[in-house]
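Asker: Attaching a single structure in structure tokens format; questions to follow.
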Amino acid sequence: MTGGHNTGSLVGVFALQGDVAEHVRVLTALGARVRPVRSAADLAGLDGLVIPGGESSVMDKLSRLLGVAPAIRQAIGEGLPVYGTCAGMIMLAESIANPIAGQQSFGGLDITVQRNAFGGQVESFETALEVPEVSGDPVHAVFIRAPAVLRAGPDVQVLATVPASRSGNPERPAGDVPVAVRQGRLLATSFHPEVTGDWSFHRYFLEHVIR
Ligand SMILES: NC(=O)CC[C@H](N)C(=O)O
């Protein structure tokens with residue numbers, strides 16, 4: 001598979017906060033046209049949207065303050081394909097187990113997430129994940145203050161899990177926790193493919209979620 005199939009797809013990157021430039025670089029290299037999204041008007045005509053890693057509570061505050069949150073919520077409801085990484089996964093979650101006071105998400109994805117489930121910055125880790133739906137090779141995944149999926153609804157497809165014992169967090173969940181999920185046109189990962197050079201999730205989003 002090459003990026004060539006995607007030439008012409010217009011993909012927005014939520015750009016009020018987070019590692020926007022990294023996603024723009026990967027999507028552009030894969031042949032997509034990319035538009036930063038900061039307002040409701042920026043959503044017009046998009047084939048898909050990426051919500052980057054960053055800080056979900058800040059994304060929430062800014063997107064409500066600047067009035068783009070209802071438009072993103074509506075676009076998700078109307079079936080816009082969206083890929084959220086890390087904080088982006090939290091923004092797509094229907095429910096946040098440990099929100100910062102009053103924190104809201106866009107929702108759409110029938111999951112409950114725990115923010116910082118693998119611990120803080122110093123407990124960041126990298127691992128190779130088996131994700132047969134997405135790639136024949138193990139996917140290189142970087143976890144930075146990453147969320148875990150505590151609950152996934154019946155329509156949610158779990159694409160990859162990691163043992164919760166990876167976590168240095170004493171509050172960690174038990175067993176294996178989902179870290180990559182898909183529900184129809186919504187895709188989310190706890191980790192950051194945009195910073196690893198492993199583009200298999202972006203390719204999957206462009207070739208199998210958007211089209
Ligand atoms: N690397 C990340 O995106 C971290 C997410 C962050 N812990 C949050 O709550 O938004």
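We number each residue from 1, going along the chain as drawn.
Backbone N, Cα and C define each Cβ position, glycine as well.
According to TrEMBL, the protein carries these features:
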type	residues	note
BINDING	G54, E55, S56, R115, I144, R145	L-glutamine binding site
ACT_SITE	C86	active site, nucleophile
ACT_SITE	H192	active site, charge relay system
ACT_SITE	E194	active site, charge relay system
Asker: To see if you understand the setup: which same-chain residues, six or more apart in sequence, place their Cβ under 8 Å from that of I144 (L-glutamine binding site)?
Answerer: G53, C86, Q121, S124, H192
Asker: Counting every protein chain present, what is the number of Cβ atoms, excluding its own, within 10 Å of the Cβ of R115 (L-glutamine binding site)?
Answerer: 22
Asker: Highest CB neighbour count within 10 A among the recorded positions R145, H192?
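Answerer: By the 10 Å Cβ neighbour count, H192 comes out on top.
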Asker: Given the recorded L-glutamine site (G54, E55, S56, R115, I144, R145), which additional residues of the same chain have their Cβ within 8 Å of the Cβ centre, ordered by sequence?
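Answerer: Residues close to the L-glutamine site, other than G54, E55, S56, R115, I144, R145: G53, C86, A87, I90, N116, A146, P147.
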Asker: At its widest, how many Å does the recorded L-glutamine site span between Cα atoms of G54, E55, S56, R115, I144, R145?
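Answerer: Site span for L-glutamine, by Cα atoms: 13 Å.
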Asker: Let me spell it out: for each of the recorded positions (E55, E194), count the other Cβ atoms within 10 Å of that residue's Cβ, using every protein chain shown. Which one has the most?
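Answerer: Compared across E55, E194, the most Cβ atoms within 10 Å surround E194.
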Asker: Using a 10 angstroms cut-off on Cβ to Cβ distances, just flag whichever of G54, S56 is the loneliest among these binding-site residues.
Answerer: G54
Asker: For the C-alpha pair, I'd like the distance in angstrom between G54 (L-glutamine binding site) and E194 (active site, charge relay system), rounded off.
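Answerer: The separation of the Cα atoms works out to 12 Å.
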Asker: Quick check for the class: what is the C-alpha distance, in angstrom and rounded, between S56 (L-glutamine binding site) and E194 (active site, charge relay system)?
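Answerer: That separation, Cα to Cα, works out to 17 Å.
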Asker: Taking the Cα atoms as reference points, how far is R115 (L-glutamine binding site) from E194 (active site, charge relay system) in Å?
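Answerer: Distance (Cα to Cα, whole Å): 19 Å.
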Asker: Using Cα coordinates, what distance in whole Å links E55 (L-glutamine binding site) and E194 (active site, charge relay system)?
Answerer: 16
Asker: Roughly how many angstrom lie between the C-alpha atoms of R145 (L-glutamine binding site) and E194 (active site, charge relay system)?
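Answerer: Approximately 15 Å lies between the Cα of R145 (L-glutamine binding site) and that of E194 (active site, charge relay system).
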Asker: Ten-angstrom check, please: count other Cβ atoms within 10 Å of the Cβ of the residue listed as 'active site, nucleophile', all chains counted.
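Answerer: For the residue listed as 'active site, nucleophile', the count of other Cβ atoms within 10 Å is 30.
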